[in-house]
Amino acid sequence: MLKKANALSVSAGLEPKNFSSHSGIDIEQPDLAEIQTNSYQWILKDGLRELFDEISPIKDYAGKDLELHFGEYYFDEPKYDEEYSKFKGLTYEAPLRVNVRLENKKAKIKKEQEVYFGDLPLMTDRGTFIINGIERVVVSQLIRSAGVYFRLNILRGKKLFGAQIIPNRGAWLEFETDADNSISVKIDRRRKAPVTSLLRIFDLDTDADILKAFKDLSGEEMKYIEKTLKKDTAKTREEAYIEIYRRIRPGDLATADNAMSLIDGMFRRNDRYDLSRVGRFKMNQRLGLDNKKQKDLLLSQKDIVTIIKEIIRLNLDADAEGDDIDHLGNRRVRTAGELLQNRLRIGMARLRRIVQDRMSTLDPDLLTPVQLVNARPVMSVVRDFFSSSQLSQFMNQINPLSEIEHKRRVSAMGPGGLTRERAGFEVRDVHRSHYGRICPIQTPEGPNIGLVNHLANYARLNELGFIETPYLVVKDGKVTKEIKWLDALEEEKYRIAHGGTPLTSDGKIIESRVGARIKGDPAVCSRAKVDLIDVAPRQAISVATSLIPFLEHDDANRALMGSNMQRQAVVAIKADAPYVGTGMEEKAAHDSGYLITAPADGEIKEVDASHIIFIQKGKTGKGGMHEYKLAKFKRSNEFTSISQRARVVTGQKVKKGDILADGPSIDNGVLALGQNLKVAFISWAGSNFEDAIILSERVVREDRFSSIHIDDYEIDVRDTKLGPEVTTPDIPNVSEDKLRNLDEEGIIRIGAEVKSGDILVGKISPKGESELTSEERLLRAIFGEKARDVKDTSLTMPHGKRGRIVGIKIFSRERGDKLDPGIIKKIKVEVATLRKVRVGDKLAGRHGNKGVISRILPEEDMPYTEDGNPVDIILNPLGVASRMNIGQIMETSLGWAAKTLGYRAQTPALSGAQWEDIQKELRAAGLPEDGKAVLFDGRTGKPFDQKVTVGIIYMLKLNHLVEDKIHMRSIGPYSLITQQPLGGKAQSGGQRFGEMEVWALEGHAVPHILQEVLTIKSDDVMGRAAAYESIIRQERIKSPSTPAAFNVLVKELKALGLNLELLGPDGAVIESRGPKKIKE
């Protein structure tokens, strides 16, 4: 007989029912992590090759004798696998080996060797890196593309155009039209020079050559060139070099030779100036030059002449506008591979210098490639990039969705990008070109708003780094299956109908006139003129946003909160798939990397909590056997628990793609971030005032929101001057009871229950010995070393923590682990805590409806429906109307019908069920059509006056738990400077009592409380010591004395020359404490 598999939640086993109004062809969505994986594949295959080609060959300083060539390269197998790297705190990396050839031209000798080039971190299949045992993500960067941009300046009401050439690396060129219609240029933001001087450098030596280059201009246009030539003091090429040199280096002596070497180095050397493929493509596209013919990555004379002609054309066109730099056609994405390549380029430049130095110092006849190549500078750059770059981030691992969205994040900040302080409104705002590329909703609420964005569902990057989105081709009003991927500029050539356009079953557009985007702006056009149509309504939004059902009924601000809060949902022990979803839950779960699916048809040979063995059909031996190890109580970056659960039993036959195991927050292959609860929208005795939430005790009892959190505590065993520290269960002056769970090494056993103050690792350190008495010498002689003085330095459970031991890691030199100098052993203890939901925890729905639990009521006090079933959660109806997130009400009603009828509703974001559809479902379920029921008060049994909206809502427990935040202080540390208590939980600090709080107490006329707060509870040093003594002796507390802050004020006034004296009731001067006055 088959064993029963792990129990699914009720909702997970139900069939989905789709309410989508989208009638088009739903195309397969790209893999959600491919932006990361594709990018890293590129650097391993092509990116490194490009770098080696750039520096190869390295010649000696003279350039005559020695040449070093870099040939093919390959990677060895990684030293350690992902699991071992995480366990031991190592980097998951593979050694890079390069074939290097050294040519001695004098001696005509060639030596070839394979050189070890250091270890390069590898990306996991999930798109993450493991650096020092920690999973990290390299966030993609959205930056302004290299190329040419034309901008508009308005001077005294006159429109004057300029241009900017932005290379990938090298000097920026800025062209400007001056008020007198001459055209000038700035190099690297230095002083202006006439543009004709720059043209002379680019081989147009004389005025006649310049006029010839612009001979196709009309008389009006030619005036700009003539005006500029009049202003230009240089008449020959040498003079032009000197003029421009004076602008770049104003203090230096300018000669033709040094000017020529500086300026030619700036624009004619590939290592100093690089437009890049993207820059050349963008420049040719903007200037209308042939992209196929011109492959040069340096600036040419033709480029500058064409730019000047375009500036003149724009100046004479009254309707001309400057280029929109916030358009996604002008911004591109640098992915992990390119960011790493840019860092490696710096390392390679250092390597080149080292190689050239060694070529000049070592004997050329005895040199070998291995002696020349030292990869340390390259590897140190890589290490710095992964450990400290602004774009290499600690992975957000609260739940599978937060991981996916972290990998799909694009940031405008980082090296070469914007800063929070400098970024204005324009760059942060939603732009029309974002449609289908960047989500207009999901972005942080704080200072990073609009600078950190997320890719839309179907978005992908083209080879130049521009974001593309797919469209289906429409021919004569009929949608075909042909897909076109377009970037933001190409898209503007077409008329594109939106994804919600009604179609017949064979793909014909029903209405004669349809809503479409023409040049990015919304408009209406006839169906015959439509060129393309969106592939799906969710094309415009990101993964998290497309998980919000009835998104179209929510205000955008609340939808933003809903998207962000789903990423903060803590993994519950019991995953519960939502009764009302959007259909994206399966895709998100599948691409999270936690779901294990069958690679082919086959049978389950063996299954337990830690592994699954799968035998492929038609294959025998080891080739057909797959073993999957299941994660159990693995600590995530956010200290939550990652566990996988088998969904199959021994002997079960499975088909390709069937689910073998679920991951965290995944329920039978469906993303399940929260719990389905029966809700009532009603005010209840003021306990749900201001977004507070009332919960039923049943929810706590059934462990609906219970989650496991794993903390790790570590201790170092050091070699001290007085001798080595030792881990032992034999600790002086500690009761047997406290030592009962320690093993012979002094380390706590796995499975032990611990609370604050319990010993996790028993450790003793040698204590400095004083002169021994004769009795002590006798004891030492009898009992040997045992009587020696030792200090208890054990690792104990911190204050306020509790849990169960789930893992112990021991690192020691004997086992070959790398430890810091002076450390013999490092021990890490992992403690898991089961946290049930409690008052003060933050709950939220998917519509931005968040709140804090104010009360957990007994089940019998909760309001109940006519069938006697009490509700699980009470929300305040006043929290809906003003927030304009009606989606939660529609979700509640559809959830009620879905649970009653036994299906999982799928109502896709932006094309979901209408209220009429929900009413139809409610009728079919025999429930009230308006979604409202008579509710009875659990305390009195009487019905409430009005009918109440009741149903099933999906709520999440967010990673803002009261256990981590609750804090109190009685006695604690004080600041040495101000003598006031420190602030914050970490410092065991007090609560700040600021200016406004003082006003509040003044308003309530409570002077004694106010005096107490500002003196003995704060910085009255003498007063607080006296008060503490009085409390211990149970005496009356004495009156406070002067606070330290007052003495500071007195001293500051003295510094201003004002002598402040305190007078007592009798008019006598009271001496202020502090340094005594020096008698004059």
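Our numbering is plain: 1 for the first residue shown, then up by one each step along the chain.
Cβ atoms are placed via backbone N, Cα and C, with glycine included.
Note that the structure is predicted; figures quoted are calculated from it, not measured.
Per TrEMBL, domain 'RNA polymerase beta subunit protrusion' is recorded for 32-378.
Residues or ranges marked as domain 'RNA polymerase Rpb2' in TrEMBL: 160-334 (among others).
What TrEMBL lists as domain 'RNA polymerase Rpb2' is 393-460 (among others). If you take every residue in the domain 'RNA polymerase Rpb2' (393-460) and average the pLDDT, you get 94.
According to TrEMBL, the feature domain 'DNA-directed RNA polymerase beta subunit external 1' maps to 471-536. DSSP labels the residues of the domain 'DNA-directed RNA polymerase beta subunit external 1' (471-536) in these numbers: 7 helix, 35 strand, 24 coil.
The domain 'DNA-directed RNA polymerase subunit 2 hybrid-binding' annotation in TrEMBL covers 600-987.
Annotation source TrEMBL lists domain 'RNA polymerase Rpb2' at 989-1062 (among others).
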Secondary structure of the domain 'RNA polymerase Rpb2' (393-460) by DSSP, residue by residue, totals 15 helix, 13 strand, 40 coil
So how many of the residues in the domain 'RNA polymerase Rpb2' (989-1062) end up helix, strand or coil by DSSP?
42 helix, 2 strand, 30 coil
